[in-house]
Amino acid sequence: MNYQVTVSGDPELAQESVDFVSSGFGNMSMNVNTTSSHHHHHSNSGNAEVSFNGGFGMPNMTMEVKETHSGHHHHHSNGGNAEISINSGFGMPSMTMSVTDSNSGHHHHHHKESASVNLSLGGIVGAVVGAVTGGVMIDGRNRIWVQLNQSSYVGGDIISGTIEMDCIVPFFAKGVIVKVKGFERLWLQELRTETEGEGSNKRTVYKTIDHKENKEFFKSTIVVYPQAGTVNCGHYSFPFSYQLPSDLPGTFCHDGKDAMGAYSAKILYKCKATVDVAHKHDLKSTTKLIINEKCGELVQPSFAENKKSFMLTKGKLHVKTWLNKNAYFPGETLVAKMKANNTSIKPTRKISLVVHHTMQLKTRLYHRCITNAIYKQQYDGFQPCFYGKRYLPFSIPVDLKPSSSLGKHITSSYLLELECDIPMAIDLSVTLPLTLFAPQFLYSTVPSQPPGTPLPPDVSYRHPWEGDEHATACRKCNKGFSLFARKHHCRHCMKIFCDKCTSTKTTITKLAYPKPVRVCEECYPIATQGGNKYQSAKLMAAQYQASLNAYYAQYASLYPQIYPDQQQQQQQPSAPPQQY
């Protein structure tokens, strides 16, 4: 039997179905099993079951056909009707179609028969295409990714980039979209101890309570290509842009556990590129955005100072500390400049730089503050009566979490503490704020400076302190020291004399002695004029400049693209200006 099928409906949807089938997804096969009976001059009925087997992963579909017709003897015209019900196994609505067939009756002979089938499809083809594409997995060789114009952003910046796609195996797509979002997510575990019952039934119960908070900063969908159709083999680029809201908190992600319970704190920003195919089988790729807090007025030199007196010893210790900036990247090296004026005879055994990290985690019903000293680096101390400058290099660990202070539920902050370890006394500490940006490992392929760039030299304005253990007699009168003949240091030359030879006192302005101090008879005339410095800061700065120029000259020869003008003119860059 031959069937002539005519389809009426949306031609574009029909064409999409043809394109879909012709794109290499597979073939359909149809099996028809019919049973019928007829007898001379009697009405007859027959049933047919038609099954469609999809060769490309779609579920099977069955169709039941019920037909009735009357048969006549000896070549009379016959008429019959058929009602066909189609049940799909993949989400299509059921549909029916009517079949009218006309054939010539026969007796003991078989003749060619024909049937005309009219299908009014309308949206049926679209439903078939949608259901089939929803069930098809995208070939794993097809790729999509996000290419951004910057490695990091701050609130208010415009994110610009392209969606790059490589198509190896063609497929049908509805469009290309980009989703950008930023959110804050906090989970806190509270370990609570409660007492239940009374009297002899009183008991202690340990409970674990979970606290959760979520806040969405922004969420947007950008349609970069709205047209539907078959994606052929090749490479595609779709540009897009999006302006971030201002005053966004910095990227932060940290999970941990302490005595109060576990916690998970996340401030994340994501950019997701999607080729809209259907349902869960979209071709997609997600890229995390690095957002730093806007800090136009934050990056500036940082300064702090502190001083202390001693209970049983005259004099004070006054320490000033500078940072040329207070915002750094993990892995970067900061240099802390310290200027100390110790007018006492107390030495400082060692100097330490300690990084303290503080997290504030807040939910509606629970709050936790977590503070830890996460990194410490030690340096040599200084002698009694030290007056001078020290430069302390400090390499920031790469695994430190970034700062984030604008979140509603999560804040992360750092402090850099300089500690002076003083024997038999409370330590002196100076605290500086420290901001860490989110790490950027790809922002430059060339190092900003060659490794091992020389540091500014340490400067000591006063002479080195002479140790008591080697002095047995006065340097001038040779009087031996004993329990009753005590040792005294001249505050100008720092040598040891007896009490009589250091009986004169005067201020020494150039050595930061504003009050009268002991000096020997030889140093007294110079001390009254302000004194002489042990080392000249200007002379040492000139020597440092020369060594730095030589070092940068070597750097310019290795990386001429950084200093093209100096390379052409054979001039070397000067030392960076001292901002502190």
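Backbone N, Cα and C atoms are what each Cβ position is placed from, and that goes for glycine too.
These come from Swiss-Prot:
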| type | residues | note |
| --- | --- | --- |
| BINDING | Cys474, Cys477, Cys498, Cys501 | Zn(2+) 1 binding site |
| BINDING | Cys490, Cys493, Cys520, Cys523 | Zn(2+) 2 binding site |
| CARBOHYD | Asn27 | N-linked glycosylation site |
| CARBOHYD | Asn33 | N-linked glycosylation site |
| CARBOHYD | Asn60 | N-linked glycosylation site |
| CARBOHYD | Asn149 | N-linked glycosylation site |
| CARBOHYD | Asn341 | N-linked glycosylation site |
| CARBOHYD | Asn342 | N-linked glycosylation site |
| REGION | 31-54 | region 'Disordered' |
| REGION | 67-86 | region 'Disordered' |
| REGION | 95-114 | region 'Disordered' |
| TRANSMEM | 118-138 | transmembrane segment |
| ZN_FING | 468-528 | zinc finger |
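Burial estimate for the glycosylation sites (Asn149, Asn341, Asn342): highest at Asn342, by number of other CB atoms within 10 Å. Per-residue pLDDT, averaged along the zinc finger (468-528), amounts to 92 for this model.
Distances between the Cα of Asn341 (N-linked glycosylation site) and those of the binding-site residues Cys474, Cys477, Cys490, Cys523 are shortest for Cys490. Shown in sequence order, Cys498, Lys500, Cys501 are the residues of the chain, 6+ apart in sequence, with a C-beta less than 8 angstroms from the C-beta of Cys477 (Zn(2+) 1 binding site). Sequence-distant contacts of Cys520 (Zn(2+) 2 binding site), defined by Cβ-Cβ distance under 8 angstroms and a gap of at least six in the same chain, are Arg475, Lys476, Cys490, His492, Cys493, Lys495, Phe497, Cys501, Thr502. According to DSSP, Cys501 (Zn(2+) 1 binding site) sits within a helical segment. For the binding-site residues Cys474, Cys490, the ranking by surrounding Cβ atoms (within 10 Å, all protein chains) places Cys490 first. Of the chain residues outside the Zn(2+) 2 site list Cys490, Cys493, Cys520, Cys523, Arg491, His492, Met494, Lys495, Phe497, Thr502, Val519, Glu521, Glu522, Tyr524, Ala527 have their Cβ within 8 Å of the site's Cβ mean position.
Here the Cβ of Cys523 (Zn(2+) 2 binding site) has 23 other Cβ atoms within 10 Å, regardless of which shown protein chain they belong to. Using a 10 Å Cβ-Cβ cutoff, Cys501 (Zn(2+) 1 binding site) registers 21 neighbours. Those same-chain residues not listed among Cys474, Cys477, Cys498, Cys501 yet with C-beta within 8 angstroms of the centroid of the Zn(2+) 1 site C-beta atoms are Ala473, Arg475, Lys476, Asn478, Lys479, Phe497, Asp499, Lys500, Thr502.
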